[in-house]
Every structure is written in C-alpha cells, then in structure tokens.
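One structure below.
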Amino acid sequence: MLMNMKELLKVAYKHNFAVGSFNVANSEFVRVVIEAAEEKNAPAIIQIHPNEIELVGDEFIAYVREKCRNTKVPMAIHLDHGSSVKDVMRAIRNGYTSVMIDASHASFEDNISITKEVVKIAHDVNVSVEAELGTIGSNEGSSEGGADEILYTDPEDAKRFVEETGIDTLAVAIGTSHGQYKHAGKPKLRLDLLEEINHRVGIPLVLHGGSDNKDEEISQTYLHGIAKINLSTDMKSAFFGEMRRFLTEQQEAYEPDVIMPSARKAAQKVVKQKMDLFNSTNKAHLYFS
Ligand SMILES: [Zn+2]
C-alpha cells in the first residue's frame, strides 16, 4: 500500500515507534526493503537521494511505485535531501509521495522561504514535506553530505520554523552524522534536546544518520518524537560486504548466481534488525484499523 509520509508517520508518532527509511539505488535494495517489511509486518519508506536518482534514472520510480502499491504493508516513496525546487519538482513528476527539502545550509530566513515554497507546491498535489533545521554531521564514506561540525537544532527556532513553513515533519540535528563513525568518535545523542524540540513543535521528527549509533540511544528517540529514522550505510555495507566475499570466492560466477540472494539476505538481516530496534515490527495493522 502506497501512501504519503504524513499519513504514514502520524500513526508512528502516536504509537511511539519509528518507521525506517532506507536509501535505494537499484532494484536489489527495493526488494530487500519490501521483503523485509512484509516479513516483519512493518511500515517502511523507500527513499532516493538526488545522487541515487542519477544512478537509476527517472523511469526506475515507476517500478518502485508498482512494487510499493502491491505490498501488504504501508509504504511511502520519499526524496532524500532535495536541495532545490527543481529536485522537488522532478520527484513529484516521477511519482514520489513525499519530498525533503534541505535548505539547512542557508540562513534561517532563507530556509523558511525555500521550504515554504516547496510546501505550497507539494501540498497542492498531496505530497508530504520534510525539512531540516540545524546541520547533521558528515562522516567518511557518506555521499549524502552534511557539515564537519554539527549545529544542534534550537527548540525555539524549530517551533517558529514549523509554524511558518507548514511542514509535515522535521529533521533535527541532535548529534548524528551521515555515514559510518570509523574514525570520528561516536556521538552521544542529545536526548534532552530532542525532548524539548518535540515538546515545542508537536509534529513527527526525523533522525538522519541512523547507522552505527548505540542501540540503547536509538530506542529512546522514538519515545521523544522521532517517527522516521534514515538508514543507508549499515544496510549497504552488509550488502556490498557479502557481494565482495561472494565474488572473490566464486571467480567464475555469472548470472543468475551473481544476482546474489546471499547479498540480499545479508542486507535484509540488517533491515529486519532495525525494524525491531525502531519498534516498527508488527505495526502494519495499526494502519488498517
Ligand atoms: Zn540525511
């Protein structure tokens, strides 16, 4: 079942769980996410970054829509880190049900005005909008960008930002970074700050850079307003790690063996663990009652 993200996250926010939002850049990952979601009976989001749409091409979204429409679980297709109105328009034309506009690098006032413009366009055609305030860090191996230094989201700014823009969901900076914390120190999430932001804004919040954080910390976030957790690195590392192992071992491998169930399974294992961790396992029924 394909729906917009506002509807998807409303239920998660109310019932204190977070929906995993997984970056895909080929059909293998679409299968990974959908099969895991159906097995876990969990809602899920497939998200595509502007870099990823360059890899797969616009036509790919017709396939993703068809797959999502045929699932038994609630799904949304979301633009990850759109950086311009052009990115957003392209996503809407392609059939995404949700978009992110990330103007967090701009001044506060500019962020408000760009985001407002996107909200106007998207809401007219029933597409939900995520925006970002504060800056999420960037680690090695991430193509998603982010800042060298994290600027934490200010709760009072968040309140004004949400009120003025009319967004459906807000990505907050509370100490996470994109990518893997290989060399950088693992951050401690500012749960106190999250609690305060949630208290002030009252809309579902989004955690970016959900890979590689401590499980005990992640499992606190959805008790304080996080309704969507973005995940890319952990899932992709599992997939490509297994792919490398398989191809090294099986030098003669060719299709169909090389379209490896083992790599898909390795990634699926991670996705399913995350669904348990985010408390979204067995929550699909909440959307049908
Ligand atoms: Zn992000």
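Any Cβ shown, glycine's included, is placed from N, Cα and C.
Taken from TrEMBL, the feature active site, proton donor applies to Asp80. Under the heading Zn(2+) 1 binding site, TrEMBL lists His81, His178, His208. Residues or ranges marked as Zn(2+) 2 binding site by TrEMBL: Asp102, Glu132. What TrEMBL lists as dihydroxyacetone phosphate binding site is Gly179, Gly209, Gly210, Ser211, Asn230, Leu231, Ser232, Thr233.
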Other CB atoms, at most 10 A from the CB of His178 (Zn(2+) 1 binding site):
24
Filtering Asp102, His208, Gly210 (binding-site residues) by proximity to ligand 1: which pass a Cβ cutoff of under 6 Å to any of its atoms?
His208
Given the recorded positions Asp80, Leu231, Ser232, which lie within 10 A of His178 (Zn(2+) 1 binding site) by CA-CA distance?
Leu231, Ser232
